[in-house]
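Participant: I have a structure here, written as structure tokens, and I will follow up with some questions on it.
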């Protein structure tokens with residue numbers, strides 16, 4: 001009897017726990033007057049299982065933004081000092097106690113859930129019935145008139161989470177928002193052709209060799225054997241590896257060994273049904289990026305917003321995502337909750353802080369005329385944390401030279417979601433002084449786009465075994481992505497960090513006095529339908545951005561970064577009391593690893609040579625010459641001029657030798673660049689002289705104390721007058737460890753200190 005009573009009580013308690021009622025929180029609603037052609041087509045089956053993400057409010061996002069801007073600022077000493085996955089997680093992840101409250105709520109409702117590795121989201125899988133009950137909403141299936149085969153499921157009603165979770169849960173997605181169109185595909189036959197300039201002939205067939213020739217991409221196609229990676233993003237499209245090999249055989253024979261290293265995302269890859277977009281992306285990022293390993297992200301989503309969200313989370317949750325990401329998807333005029341748009345932007349910001357470069361094709365609809373023709377649309381995404389790439393059309397002039405015209409389809413304009421960032425303010429302000437702008441059509445205070453452009457008309461692509469011609473900014477994004485991969489490869493080879501978020505650097509490069517980092521495109525218009533569009537003008541414009549890359553100059557800037565003031569491009573040095581200029585030996589040889597890059601003579605005694613990150617020091621004193629190599633100091637016969645003048649090969653073990661190691665030879669401090677090194681070495685000599693005086697005084701003090709102690713000992717032992725005499729000086733007096741100068745900076749951890757030179761040499 002008692003057992004039955006206890007059992008009934010336990011069952012009642014269990015039923016009470018299962019039926020626990022949470023106080024509902026605030027109403028989360030999204031109202032829009034436009035559904036962009038989407039119409040309700042009934043309710044999904046109650047048993048249908050769907051996937052949603054609960055976005056948790058993250059911490060310290062203001063600090064993350066500060067760090068991301070600081071490490072992407074080419075004038076900052078913190079440039080490229082990216083955060084690791086674990087550092088970023090520790091900074092932003094919600095508190096464990098807050099996460100526990102959410103998981104307890106999900107558990108009490110029997111919801112299958114999983115927290116993402118970075119800690120910012122909880123992914124749930126639940127039936128339609130469970131979702132409607134959990135969030136107090138009603139799900140509806142919507143179809144589009146343009147493609148009934150790609151329906152989406154959304155809630156037309158508001159939704160709620162429990163009140164005690166209101167300050168923890170930022171939003172649940174995808175519950176609200178409508179894309180403007182179903183998934184778009186790149187077109188091999190664009191509807192709007194770009195007219196060539198007078199007395200010029202359009203180049204109808206673009207290949208990797210033509211791109212290299214036009215943009216001075218003279219870097220040798222070689223495997224640098226560094227941890228350099230690149231990737232493309234696709235939606236419901238596959239690639240055929242045989243097409244990639246056929247493309248290489250026709251247009252890049254040296255790359256026939258290159259393959260896709262890994263397929264990621266939930267879409268897999270179907271090689272029997274290759275797409276034009278996906279084939280274009282992987283073929284051109286591979287051809288321009290050399291031997292950088294390729295990754296392929298593909299998502300089986302029916303709307304671009306959901307695909308973008310999954311993709312951003314896959315990257316953020318990967319401890320080592322590919323360093324360059326090329327995206328050829330986007331859209332105009334969709335309606336999404338602004339907090340969700342901001343969240344994706346923040347995910348891209350976090351990736352930039354970790355050293356990932358994200359490139360997005362700006363779009364193929366010019367200014368994107370609104371339905372009523374009264375304003376310009378703007379593309380999604382338009383976040384300032386990605387680099388937006390426009391397009392040009394390549395043409396040959398009567399003298400055989402190349403020139404470019406802004407492509408009519410090249411999307412450009414101003415965002416309504418994001419304000420103009422500081423790094424492009426000056427360039428855009430100059431454009432806004434252009435006469436006769438259609439100011440009533442756009443938001444002049446918004447983030448401006450595109451940032452840069454490349455040719456985007458007539459690309460030769462192998463699809464299904466056949467070669468076809470493709471136009472669009474989809475051509476430009478992987479092209480520029482491959483160039484950034486090349487630069488990353490050289491930086492990694494020389495012991496530097498990858499570029500990461502590059503927009504501030506791109507705009508800074510446009511202002512350097514040495515050479516032209518971009519070809520300025522000053523003709524072309526991107527009008528759309530009844531909207532007038534913008535004209536390409538000198539400087540930045542909303543058709544081609546800063547212009548198209550002059551790779552040999554832009555690459556020099558991006559490899560040498562963070563120093564873009566010219567001091568590392570050409571340096572005035574003094575040799576034998578004569579002025580002479582040392583520097584690069586020709587832009588076209590920029591990427592040659594054996595290139596003599598610069599030489600500085602310090603105080604007529606020390607010569608430092610850098611060959612794209614490799615260093616060697618030669619120290620001269622009188623008729624003697626010392627070489628620092630293999631972490632040893634060796635004397636060289638200075639009479640043998642052929643040895644002294646020779647550019648000595650650096651041993652392979654020195655391949656990762658950095659400026660810091662050489663500075664350690666010269667003193668225990670770190671210089672930010674060679675000019676700073678010159679100044680600090682001069683001041684270091686004064687400090688060393690002072691240190692020598694202090695050390696001499698300390699040695700004398702030690703000797704005096706030793707003598708006094710010995711004298712006292714003799715007095716106690718002998719007790720006679722002879723003990724009053726000063727004993728002879730000990731042959732080996734005890735020495736204490738010399739005191740380190742308080743003016744020198746702490747020695748970096750993990751840096752091997754080469755053998756020091758005698759102080760009298762420097």
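Heads up, the Cβ atoms here are built off N, Cα and C, so glycines get one too.
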Participant: In TrEMBL, which of 110-133, 134-157, 158-181, 182-205 is tagged region 'Disordered'?
Facilitator: 182-205
Participant: Pick from 651-706, 707-762: which range does TrEMBL record as region 'Disordered'?
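Facilitator: My reading of TrEMBL: the region 'Disordered' range is 707-762.
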Participant: Which recorded positions (474, 520, 541) fall within 10 Å of residue 277 (active site, charge relay system) by Cα distance?
Facilitator: 474
Participant: Counting Cβ atoms within 10 Å across all protein chains shown, which of the recorded positions 277, 281, 520, 541 comes out on top?
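Facilitator: Result of the Cβ crowding comparison: 281.
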Participant: What average pLDDT is reported by the model for the domain 'Peptidase S53' (205-561)?
Facilitator: 92
Participant: For the Ca(2+) site given as 520, 521, 539, 541, which other residues of the same chain have their Cβ within 8 Å of the site's Cβ centre?
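Facilitator: Apart from 520, 521, 539, 541, the close residues are 518, 522, 536, 537, 538, 540, 543, 544, 545, 546, 547.
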Participant: Identify, in sequence order, the residues in the chain of residue 539 (Ca(2+) binding site) that are 6 or more apart from it along the sequence and have a CB within less than 8 Å of its CB; answer 'none' if there are none.
Facilitator: 427, 430, 431, 520, 546
Participant: Check the Cα distances from residue 281 (active site, charge relay system) to each of the recorded positions 474, 521, 541 and keep only the ones within 10 Å.
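Facilitator: Close recorded positions: 474.
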